[in-house]
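Q: The compositional bias 'Basic residues' annotation in TrEMBL covers 1-10. According to TrEMBL, the feature compositional bias 'Basic and acidic residues' maps to 45-54, 97-112, 146-162. Taken from TrEMBL, the feature compositional bias 'Acidic residues' covers 55-64. What TrEMBL records for 80-157 is domain 'Casein kinase substrate phosphoprotein PP28'. Look at TrEMBL and you will find 1-112, 146-176 tagged as region 'Disordered'.
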Amino acid sequence: GRKGGHKGRARQYTSPEEIDAQLQAEKQKAREEEEQEEGEGATGDPKKEKKSLDSDESDEDDEDYQQKRKGVEGLIDIENPNRVIQTTKKVTQLDLDGPKELSRREREEIEKQKAKERYMKMHLAGKTEQAKADLARLAIIRKQREEAARKKEEERKAKDEAAMAGKRLQSLSLNK
């Protein structure tokens with residue numbers, strides 16, 4: 001027979017104790033980062049610091065329970081393993097000078113523009129296939145135009161000579 005649907009087989013739930021341990025580890029890590037930022041070079045008793053850390057933990061736990069809960073939250077205690085607590089960064093912690101991550105589309109657009117600029121430089125230098133073909137075609141057209149101009153000039157000269165010869169004949173015939 002059937003042993004159940006495929007959706008429920010691989011579900012694993014995190015126990016509340018593990019969630020509490022993860023939250024405590026995150027809080028401890030945040031405190032260590034703050035101490036490193038604020039107290040670099042500070043000299044104090046490590047025992048006093050540990051005591052203040054312990055008192056901070058109990059204060060934060062009390063604050064969590066003292067917060068006013070909305071709606072049914074006060075009546076029902078819910079443990080959500082997927083809940084991610086958003087951490088806010090201070091303005092001093094923001095890294096505005098660092099390199100900004102571009103999206104894939106922005107990166108592709110920039111690469112496309114750079115490739116187009118490179119191609120245009122190569123094209124103007126006459127190093128691309130299309131530029132070579134264009135230059136060859138222009139050379140052929142120049143030769144054709146030069147030949148046409150030369151033929152036209154020869155025809156004009158021949159016509160002028162014929163006209164001059166005709167005038168000479170007329171003048172000779174009139175002179176007789």
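For all residues, glycine too, the Cβ spot is worked out from N, Cα and C.
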Q: Looking only at the domain 'Casein kinase substrate phosphoprotein PP28' (80-157), what is the mean pLDDT?
A: 88
Q: Looking only at the compositional bias 'Basic and acidic residues' (146-162), how are its residues distributed among DSSP helix, strand and coil?
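A: Going through the compositional bias 'Basic and acidic residues' (146-162) residue by residue, I get 17 helix, 0 strand, 0 coil.
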Q: With a Cβ cut-off under 8 Å, give me the same-chain residues at least six positions beyond the ends of the region 'Disordered' (146-176) that come close to it.
A: none
